[in-house]
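What TrEMBL says about this one:
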BINDING   B:Arg129, B:Arg170, B:Gly176, B:Gly177, B:Glu209, B:Ile211, B:Glu216, B:Gly242, B:Val243, B:His244, B:Gln286, B:Glu300  ATP 1 binding site
BINDING   B:Gln286, B:Glu300  Mn(2+) 1 binding site
BINDING   B:Gln286, B:Glu300  Mg(2+) 1 binding site
BINDING   B:Glu300, B:Asn302  Mg(2+) 2 binding site
BINDING   B:Glu300, B:Asn302  Mn(2+) 2 binding site
BINDING   B:Arg714, B:Gln754, B:Leu756, B:Glu761, B:Gly786, B:Val787, B:His788, B:Ser789, B:Gln829, B:Glu841  ATP 2 binding site
BINDING   B:Gln829, B:Glu841  Mn(2+) 3 binding site
BINDING   B:Gln829, B:Glu841  Mg(2+) 3 binding site
BINDING   B:Glu841, B:Asn843  Mg(2+) 4 binding site
BINDING   B:Glu841, B:Asn843  Mn(2+) 4 binding site
DOMAIN    B:133-329  domain 'ATP-grasp'
DOMAIN    B:678-870  domain 'ATP-grasp'
DOMAIN    B:937-1026  domain 'MGS-like'
REGION    B:1-410  region 'Carboxyphosphate synthetic domain'
REGION    B:554-936  region 'Carbamoyl phosphate synthetic domain'
REGION    B:937-1026  region 'Allosteric domain'
Amino acid sequence: MKERAVLVLEDGTTYHGYAFGHRGKNVGEVVFNTAQTGYQEILTDPSYNGQIVVMTYPHQGNYGVNVFDMESNRPWVRGFVAREFSTYAAGPRAQQSLAEFMTEHGVVGLEGIDTRALVRKIREGGVLKGVIAHASHLGDPNYRFSQADLEALREEARTWKDIDGRDMTPEVSTPLPYQFPTFKGKRRIVVMDFGIKHAQMRYMAELGFELIVVPGKTNPAQIMALEPAGLFVSNGPGDPSMPRYAHETLWKLMGLLPTFGICLGHQLLGLAAGGRTFKLKFGHRGANHPVKNLLTGKIEITSQNHGYAVDPDSLKEFRPTHINLNDGTLEGMAHLRYPVFSVQYHPEACPGPHDSLYLFRRFLEEVEAFHGVTGMPVEKQRTDKLGV
Amino acid sequence: MPARTDIKKILIIGSGPITIGQAAEFDYSGTQALKALRSVGYEVVLVNSNPATIMTDPDLAEGTYLEPLTLEFLEKIIAKERPDALLPTLGGQTALNLAMQLYEQGILEKYGVELIGANAAAIKKGEDREEFQRAMLKIGLDVPRGKMVTSLEEGLEFARNVTGYPVVVRPSFTLGGTGGGIAADEAEFIEILSRGLSLSPTHSALVEESIVGWKEFELEVMRDHNDTVVIITSIENVDPMGVHTGDSITVAPAQTLSDVEYQKMRDAAQAIIREIGVETGGSNIQFAIDPKSGRMIVIEMNPRVSRSSALASKATGFPIAKIAALLAVGYRLDELPNDITQKTPASFEPSIDYVVVKIPRFAFEKFSTLPNTHGGFSDRLGTQMKSVGEVMAIGRTFKEAFGKAVRSLEADVRAEFAHLTDAELWARLYPSPTRIYAVLELLRRGASIDELYQATRIERWFLHQFEEVVQTERALGLGEWRLSDREDWRYAKGLGLSDARIGELVGVSEAVARKERLAAGAKPVYKTVDTCAAEFEAYTPYHYSAYEIEDEVRPTDKPKVVILGSGPIRIGQGVEFDYATVHAVWALREAGYETIMVNSNPETVSTDYDTADRLYFEPLTLEDVLNLTEHERPIGVIATLGGQTPLKLARKLSEAGVRLLGTSWEAIHKAEDRAEFNALCAELGIPQPKGAVARTPDEALRLAEQIGYPLMARPSYVLGGRAMQVVRSPEELQWYLSGIYAALSERPSILLDQYLEGALELDVDAICDGSRVVVAGIMEHIERAGVHSGDSATVLPPVSLTSEQLETVKTYTRKLALAVGVRGLINVQYALKDGVVYILEANPRASRTVPFVSKAIGHPLAKYAALIAVGKTLEELGFTADPTPGFYSVKEVLIPWLKFPGVIPVLGPEMRSTGESMGIDADPYLAYYRAEVGVNQKLPLSGKVRLIGAQALEAEWRAAGFEISDDDYDLLISLEAHPELRRAVESGRPFITTLEGARWSLEAIRRVRTSRLEARSLQEWHQVRA
């Protein structure tokens, strides 16, 4: 038989399965993702820093891993769980098997558990902390977990300082500013990196932006010194209320630059404008969430990955532009006076549908309008272009 | 936008008789649409000539027309009903083509009928290959290099200069790819293209580059008025390009696409549905990917609901047809709730946390023994669909789903293939219904995945999955791995291995394996199909079993009845049985029982989660049904309405302590066991043809001498007349025994019966509550003895029996039903020869004629049967008198001759029809005419008749004004298996192969000439308006 492994939750619930990937042990917040494709993008999305991800689709690893589908330079998840991992990687794009990739990058995996039961538990009770441990970590590959082991693992999960009340972004943000390699680069923007996914930069670069990527902790003066035409605030992990420095930076820059925020960036903008955020029971993680654009009435199927949301009732200077049709939560907002807008979901997809790529074009239009390129009154343009 | 208020009455066209390429899936989609549209207040008129369907139940529409699906009848119905709109996307290709004709002929405009769901321009663009390919190139998508040709010369030039060989031929506007094919060389190309051009109504065909061996995918797409486009699911074909997707083993969702590839396909699908202009509703779009380069090309789109959309609905829980119908009348996806979660809208994309596998079911054995103009019969699969049905299975992994699907199919040839040599197995790796079993057997014998990939082009990922199962089988077989605890069992069962197979591997019986498994505590749990991978709570009780930890399906404490469905549709066990089981569900729900449906067929109404209180999508095997009854603890199980599949389980279920509702196992046995049945008939004084049962071929030859020739020879316990043959001499019997009989996998006993040559046959459906019998319908076969009852046209009530003879039939039926102990339906077959009524056989279960009879007499027989099963009496049901309809109903059958190249169409004792039509009229011959037109047998009212082996008919036909021709004809009458019959099939001309058929047709033609055929709805015939 295969090497045994367990996932022990802080409440003591234990799932017995088999080891996969890097042999070892790790602790994290256990969340689930319902996307049926895109495990490599999920593994390497820095927003998962601190989390053990359970995939609801049973088969993972089917098409292997390649250099093109990296959303950052390494995986960030603290553990990866599926009903079954494939040992064979199919298709011409596969360069490495998922097993090799996870082993190489130290990602502990768990398979063979009733993932649906685990997901239902999270859905009912909210996210929980948990530990994945492999038999070989405690003894040898044939080791069988004792009751005492499971107790100890539970204690470890329980006492782990979770991601609430912690700023998780410095670990994933770039330590130094850099320029994203582009060929065109007409309009320079500053990208505040709180754990950015490469796809966001790829799409903006394709549109002709010159991207200067700076650490999330960069202050307003440093940003303005780069003479940007616009500001982009990236996604990132953890509790949005914790990077207080970012709220201040964004508050100071509000109105000075056309600004586009995604996910954590959206939450940070909301907080900067005096709004509130709250933690969702089990978050939105998947590639099938319907979002309605309130300005056009159009529906977009969106890629989502967030555990917190902006309370729409707390918005003062922003108005809602997008809502989630599943649960009515806020998915997008625009500033009442300035060309500042943001979405909670992931228009860059990766993984997920491309229904919302228009938002990057809209950002370009906002930047160009702000700088008078198109010669139309900015406010007029903004109402026309919102959501087109 | 709210639902449209300018539309009040909507016309829906069904897909007509079940045939290959258009099966029960359109009953499912049509029924959903009817229910959905009426629930929001529209009046609905339905036209469908197929009586075996649920959708043609008079309760489901304001007006139900069992009339031929022809322009002529459609116009009559439109003129009479004056609908505001026509929804053409729910009745398959038939409805779409008819709608296009109605549009092109100006009929829709004349009567002010709006096409909703898909407009004419979009249909044309989606269906016309050349226009479609142009549209694809316009939006920057890749298509196979190809050219639309209208002549052989043009085709040859293109094949020689551009594509080379192999090359694909696809005729325009034909059903299910009829007439298409892949030509390996020029000779084949000439043959296929010539046929394709002649079959195409526009005399055109596409010649294109071969992409055989590429990976094949499908996306099910929906769009609404607000331009919201969602993908319901992706589907990946295990059989690569070259096999029609309807004939491929398929998996949902796609397994081997990365997100980048999948999103590229999704983007393409959105662009396609927008470019083609399907404003609302569902479409199916097919893609191919080159396994080497990853190049993606668009194959085709169906701008309507399809077999694949039915599969996608069952695979995800998203009801495509229902939603499509509502979108067509102006709703938007975000206005419609997702039934399953109730709280979230339909404007989303289902995410599933299980794997779905579909395997098609074939009927080649029905056609392989007939005379063939090609000199031989091939079971090779190609671009023309050949399968008659399919199963679907749900598992937590591909392996589990595949294992469950294989056992649902009731066609596993593993045991036979285990006896083949390696060379024989390697020779079976061409695409065929049994290829997958050869692949599995070769894996068991150690063939490498690479070798098998090279031979089959089946994606290696799937081969690796099979290999994992085979490795466990091997370990179990060698005793290297013993199933010692729950975890081991859970692992082995999670691979989809049945108890029977595990038992076989470790050397114990299925029963012992089951006992050991239960002793180890390894029971399946039940999970829910919820469209959302458990993200939201599900309210819809649609379940499947898995060897997991958490059981999320709690039985209620209401009294429950389990209704066993009929499994995959096959010849002899068609949609009629789905009709019966669905009616049982409806009746029992109304009567206050919790109904639990078990079935494995994704095409049907029974597997709509909306039908029963609970739906378990499970294989209909003893193991799976017992697991379920142990889980649910119903008061009983109904096994007599779903045909042979559930009936086969009756005995073992009964022995395992499960209560059978309705007719008991003992009663079933009394009718099915030859010796018991003979004794019973003798006791009741019912004459039987002489007969005997032989256990060996030698005994058969001996017993045949005692009975005398001609004889009807057949294996025992086989449905649908399989391997049945009339033998007229010892030599013919010898030939039968060494040929047809020897080819059967099991060696059942051989039944020999005196053959009543030229006898008139009768089919009787009766219902019995234990003390009273109502003879619901007596059907007279139009074809004489020797033609399988399922392939014979029938008329109800009979036209050639005396009242004494009718009374005799009724008396026999009553005596028999009571003596057997029937509690529900019984079907009895009789033959009338020289004034004597003989009983041929009795089946104490729902027959395939139940829906036809129910519609002919205006009584829902299957509902009554279900209520009798739970203790109601006929008196309580108010059904005590034998009905006497005031009009004639004729059933005619459809046989898919065209799909089997070279086969010469002759009727015989083996059933071959896939579907049927019904004609109703005050005059029996006019009813016959309607039924004939209903199966596309367009009897000419004048013109040329060619007679082959039927010279005796010449005077009659000449007298009726027909010209007798030696070459060209409008109607062919051939009483011998002449190759000209094949040409008639291929050119779509009417043909007749029996004397009785000729007689009825001529009389029908005479009467049609002087009559006006009005369209009249079922409700009008029965004088009720729903």
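Cβ atoms are placed via backbone N, Cα and C, with glycine included.
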Quiz prompt | Pairwise Cα distance maximum in Å, ATP 2-binding residues per record: B:Arg714, B:Gln754, B:Leu756, B:Glu761, B:Gly786, B:Val787, B:His788, B:Ser789, B:Gln829, B:Glu841 | solution = 18
Exercise. Would you please pick out, from the binding-site residues B:Val243, B:Leu756, the one with the fewest other Cβ atoms within 10 Å of its Cβ?
Key: B:Leu756
Quiz item: Is any of the binding-site residues B:Glu300, B:Asn302, B:Arg714 within 10 Å of B:Gln286 (ATP 1 binding site) (Cα-Cα), and if so, which, in sequence order?
Solution: B:Glu300, B:Asn302
Quiz item: If you run through the region 'Allosteric domain' (B:937-1026) with DSSP, how many residues end up as helix, strand and coil?
Solution: 37 helix, 14 strand, 39 coil
Quiz item: If you skip the near sequence neighbours and keep only those at least six away, which residues in the chain come within under 8 angstroms of B:Asn302 (Mg(2+) 2 binding site), Cβ to Cβ?
Solution: B:Gly126, B:Ser283, B:Asn284, B:Ser308
Quiz prompt | Same-chain residues at least 6 apart in sequence whose Cβ lies under 8 Å from B:Glu209 (ATP 1 binding site) | solution = B:Pro144, B:Arg145, B:Gly146, B:Val162, B:Thr163, B:Val167, B:Val168
Self-check item: B:Glu841 (Mn(2+) 3 binding site) versus B:Arg714 (ATP 2 binding site) - Cα distance in angstrom
Solution: 13
Exercise. For B:Asn843 (Mg(2+) 4 binding site), find which of the binding-site residues B:Arg129, B:Val243, B:Leu756, B:Gly786, B:His788 come within 10 Å, Cα to Cα.
Key: none
Quiz item: Using Cα-Cα distances with a 10 Å cut-off, which of the binding-site residues B:Val243, B:Glu300, B:Leu756, B:Gly786, B:Gln829 are near B:Glu841 (Mn(2+) 3 binding site)?
Solution: B:Gln829
Quiz item: Given B:Glu300 (Mn(2+) 1 binding site) and B:Glu216 (ATP 1 binding site), what distance in Å do their CA atoms have, once rounded to a whole number?
Solution: 11
Exercise. Among B:Arg129, B:Glu216, B:Val243, these being the binding-site residues, pick the one whose CA is nearest to that of B:Leu756 (ATP 2 binding site).
Key: B:Val243
Practice problem: For B:Gln829 (ATP 2 binding site) and B:Val243 (ATP 1 binding site), determine the Cα separation and express it in whole Å. | Solution: 40
Quiz item: Across the domain 'ATP-grasp' (B:133-329), what does the pLDDT come to on average, as a whole number?
Solution: 93
Quiz item: Can you tell me how far the Cα of B:Arg129 (ATP 1 binding site) sits from the Cα of B:His788 (ATP 2 binding site), in Å?
Solution: 40
